[in-house]
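K.L.:
Would you mind keeping the following structure in view while I ask a few things?
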Amino acid sequence: MSGSISGPGRRFLGALFGSNRASDRQRPKGQHPDNQHPSGEVPTKQVPGDQPLVEGLRHGQPSYHRASLALLFAGLASFNAMYCTQALMPELSTDLHASPAQSALTVSATTGILALAILPASILSERLGRGRVIVFSALAATIVGQLLAFAPSLGWLVAGRGLQGLLLSGVPATAMAWLAQEIHPKDLPRAMGLYVAGNSVGGLIGRLLPSGVLQFAGWRTALNVDMALALTFSIVLAVILPKERRFRPKVLHLRSEIATMVRQWRDPRLAGLFGVGFIFMGVFVSLYNFLGYRLTGRFGMPPSLAGLVFLLYLFGTLASARGGRMAAQRGRGVAILVGTVLCVVGLPVAASGSLWMMLPGVAAFTYGFFTVHAVASGWVGALAPTSRGEASGMYLTCYYLGSSILGYLSGHVFHAAGWTALMMWLLGLVLVGCALAGIVTRSARRLARA
């Protein structure tokens, strides 16, 4: 049957079901599949014969460009799907008779389940192969997304979004590790930057496209159109992603993994950064969750016009790059201080009753948040050089849990007390985050002097 499939179709099926079978085809005669003995026991050596790894992909090679573009499309698909209902929340409240907090569950369910699934997905990818997990994750999540528009009630929609979060987890859990594994270190920053750009633009599309469609149709059509685009991105990813050449299945020891995570939480610097990610991401998502209600309610904007406020998200793309440079030039402590100050200043300004005051406040907060996130996420990796994957996974878990938990709780604050109270609540959370950032900075300086 496989002889009748050729070209893109074969690459598509190979990406989904057989991205790591090259190792089986090259298996010496008599060697058992999946690097196992006939008894089922896993040998201690991970690479048969300790064969040296091939060199990573270099810029200029066709496979390098395919890999970079594939991970760009992975970011476009996954982050589009992750936030596809955020701009639709006011419409969901109207059509499904839901409060702002209830509508916020369509975002919180996705990010919350995703947060809990990131570490298991990362561990699973060490056995099955990162490429296979990425492709399955993106395709399955966007296929489920096509069904969301047919949800008969808010409860079904939230359940579907939770399932989508579970399926999406494979992309953020493994994409950066795939690039670090397959790309030559000298050319990795360029490929990593393209993936991060895909995340940013994907999240922006997931907010702008549905809100734009609302001008012509209802939220169900808007969701279908957006998910059709996300599915297209996923198919392109599956077709062009090169096979992994440097992947070796890892022997996993659960006790060792748990001990590593416990050790990380005992480090005050890492624990503080996990808390910073939790708080600042929670505040960021809360602000944008309910910004649409403010614009359509107080200022009478149509939903399609209110959705354009998500263009302020582009300040984050700029801040991520500049925040990294500032950290390199002036130190991480200074960079994270600048980001937190912008957040503290931005929220009270965003509480203003004037649209022309509110929008600059939101922009300042957005710039500050992405500066903090860029510095904190990089700092986590630097503090855990021997367990970088586990530390980064824990940071992302806390990051998305903050989005889910604080995003939902903020909905109750907004529903009960209004926009100004919401801004004060978020400001209080940011001040707690500032205190954690200060603890991290002082601990890092003290240990550096020791």
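Heads up, the Cβ atoms here are built off N, Cα and C, so glycines get one too.
Sharing the features that TrEMBL gives for it:
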REGION    1-58  region 'Disordered'
COMPBIAS  22-35  compositional bias 'Basic and acidic residues'
DOMAIN    63-445  domain 'Major facilitator superfamily (MFS) profile'
TRANSMEM  67-89  transmembrane segment
TRANSMEM  101-121  transmembrane segment
TRANSMEM  133-157  transmembrane segment
TRANSMEM  221-241  transmembrane segment
TRANSMEM  270-291  transmembrane segment
TRANSMEM  303-321  transmembrane segment
TRANSMEM  333-358  transmembrane segment
TRANSMEM  364-384  transmembrane segment
TRANSMEM  396-416  transmembrane segment
TRANSMEM  422-441  transmembrane segment
K.L.:
Return yes if the transmembrane segment (221-241) and the transmembrane segment (67-89) have at least 3 CB pairs under 8 Å (sequence gap of 6 or more), otherwise no.
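P.N.:
Taking Cβ pairs at least 6 residues apart, the transmembrane segment (67-89) and the transmembrane segment (221-241) are in contact, with 3 or more under 8 Å.
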K.L.:
Could you pull out which residues elsewhere in the chain have a CB under 8 Å from any CB of the transmembrane segment (303-321), counting only those six or more residues past its ends?
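P.N.:
Same-chain residues near the transmembrane segment (303-321) but 6 or more away: 87-88, 90-91, 196-197, 200, 203-204, 207-208, 210-215, 288, 291-292, 295-296, 339, 359, 362-363, 366-371, 373-374.
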K.L.:
At an 8 Å Cβ cut-off, counting only pairs 6 or more apart in sequence, do the transmembrane segment (396-416) and the transmembrane segment (333-358) clear the bar of 3 or more pairs?
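P.N.:
Between the transmembrane segment (333-358) and the transmembrane segment (396-416), which are separate recorded stretches, there is no contact, as judged by 3 or more close Cβ pairs.
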K.L.:
Other than its close neighbours in sequence, what residues sit by the transmembrane segment (133-157), given a CB gap under 8 Å and a spacing of at least six beyond its ends?
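P.N.:
Contacts of the transmembrane segment (133-157) (Cβ under 8 Å, skipping residues fewer than 6 from its ends): 15-16, 19, 74, 77-78, 81, 84-85, 92, 96, 98, 102-103, 105-106, 121, 124-125, 163-164, 167-171, 173-175, 178, 220-221, 223-224, 226-228, 230-231, 233-235, 237-238, 241.
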K.L.:
Short question: most Cβ pairs under 8 Å with the transmembrane segment (270-291), which of 67-89, 101-121, 422-441?
P.N.:
422-441
K.L.:
Which residues of the same chain, at least 6 past either end of the transmembrane segment (422-441), have a Cβ under 8 Å from a Cβ in it?
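P.N.:
That would be 268-269, 272-273, 275-276, 279-280, 282-283, 286-287, 290, 332-333, 336-337, 340, 343-344, 347-348, 350-351, 372, 376, 379, 406, 410, 413-414.
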K.L.:
Which sequence-distant residues neighbour the transmembrane segment (101-121)? Criterion: at least 6 residues beyond either end, Cβ under 8 Å.
P.N.:
82-83, 85-86, 88-90, 92-93, 133, 137, 154, 157-159, 161-166, 168-170, 172-174, 285, 289-290, 390, 393-394, 396-401, 403-405, 407-408, 410-412, 414-415
